[in-house]
Amino acid sequence: MTMTSWLESHRGETVIIKFGGNAMIDDELARAFCDDVVALGRAGIRAVITHGGGPQISSELIARGIRSEFRGGLRVTTSEAVHVVRDVLVRIGADLAAGLGAAGATASALAGDEHALFTAERAGTEVAGERVDLGQVGEITAVEPSAVLKVLDAGGIPVVSAIALGAGSELLNVNADAAAASLAVALDADWLILLTDIAGLYRDWPNRDSLVGEIDAAQLATLLPTLESGMIPKVAAALHAVQGGVGRAVIVDGRVPHVLLAEPFGASGTTITPAERVVS
Ligand SMILES: Nc1ncnc2c1ncn2[C@@H]1O[C@H](COP(=O)(O)OP(=O)(O)O)[C@@H](O)[C@H]1O
Ligand SMILES: CC(=O)N[C@@H](CCC(=O)OP(=O)(O)O)C(=O)O
């Protein structure tokens with residue numbers, strides 16, 4: 001099947017694409033990403049972009065002399081830091097929407113704390129059996145996707161920043177993979193694509209011969225406790241998505257130009273399927 005006919009067979013499907021990794025810091029890769037998203041839109045695929053910006057947030061915090069550290073793959077976030085997180089994410093969202101605009105789309109940047117898009121509750125985490133207080137970090141408890149749907153229905157591409165509102169309207173920093181997964185579930189998406197800076201999920205990290213091509217949710221759940229660092233929230237997000245009804249989650253290599261147009265949506269990476277296999 002050619003890519004054109006493959007896309008044609010998926011017309012009308014909803015795809016949430018989490019932009020991240022190297023594609024975010026390399027102008028040429030970012031341009032290729034925007035061109036691909038525009039091509040998906042032209043093929044009648046409903047594409048929604050979500051993004052994080054971990055490295056950019058870290059640089060800005062350092063520049064402002066605010067300490068931050070990661071525990072269990074999540075940033076410990078003070079009340080001072082959370083405003084920096086939001087500022088950086090809003091800037092990235094605006095740049096991405098401008099890039100998509102330059103590539104020929106009508107894109108609208110939406111911050112997750114607006115339009116009641118993401119509601120979250122403060123969440124800690126457990127590291128080596130111990131509870132860790134992460135400060136203003138949240139776990140998404142509700143998604144109100146109407147602002148996203150409005151953009152999609154008008155033929156545009158929503159660009160969603162991963163930040164949420166908690167109790168008393170406090171800003172909560174959320175992991176961008178988790179936010180993308182929650183949005184994918186709320187939109188009953190067919191695909192969740194997570195762009196990263198590695199070829200996919202390795203079963204026996206860092207053994208480069210152990211790349212996983214396809215894995216179902218049950219097998220992935222048994223692998224989750226063995227994972228490290230940034231892969232923990234990413235795999236947990238992929239699992240949440242397919243367990244919540246999303247057709248497939250795919251972890252793909254954002255270092256590869258035009259990876260989104262590699263049939264099907266970057267088959268070179270790791271595809272996560274629901275426990276009960278869906279044949280498409
Ligand atoms: N089992 C694994 N498979 C793949 N990558 C892993 C694994 N365990 C840890 N990693 C690390 O996780 C990184 C990806 O997570 P992260 O840097 O948070 O991605 P992103 O910035 O795209 O969200 C990889 O570059 C790799 O160094
Ligand atoms: C709670 C938490 O860790 N939030 C992340 C949000 C950004 C993000 O997830 O960006 P990437 O996808 O580029 O890693 C952070 O502060 O870095």
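A Cβ is built for glycine as well, from the same backbone N, Cα and C atoms used for every other residue.
Note that this is a predicted model, so its numbers are computed, not measured.
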Listed co-binder of substrate (same site as Gly53, Gly54, Arg75, source TrEMBL) among Asn22, Asn173: Asn173
Residue, out of the recorded positions Lys18, Arg75, Lys234, whose Cβ gathers the largest set of other Cβ atoms within 10 Å: Lys18
Gly53 (substrate binding site) to Lys18 (site 'Transition state stabilizer') - Cα separation in whole Å: 11
Densest Cβ neighbourhood among Gly53, Gly54 (binding-site residues), 10 Å radius: Gly53
Alpha-carbon spacing, Arg75 (substrate binding site) to Lys234 (site 'Transition state stabilizer'), which is rounded to whole Å: 14
Nearest of the recorded positions (Gly54, Asn173, Lys234) to Lys18 (site 'Transition state stabilizer'), judged by Cα-Cα distance: Lys234
Distance, Lys234 (site 'Transition state stabilizer') to Asn173 (substrate binding site) (CA atoms, angstrom): 16
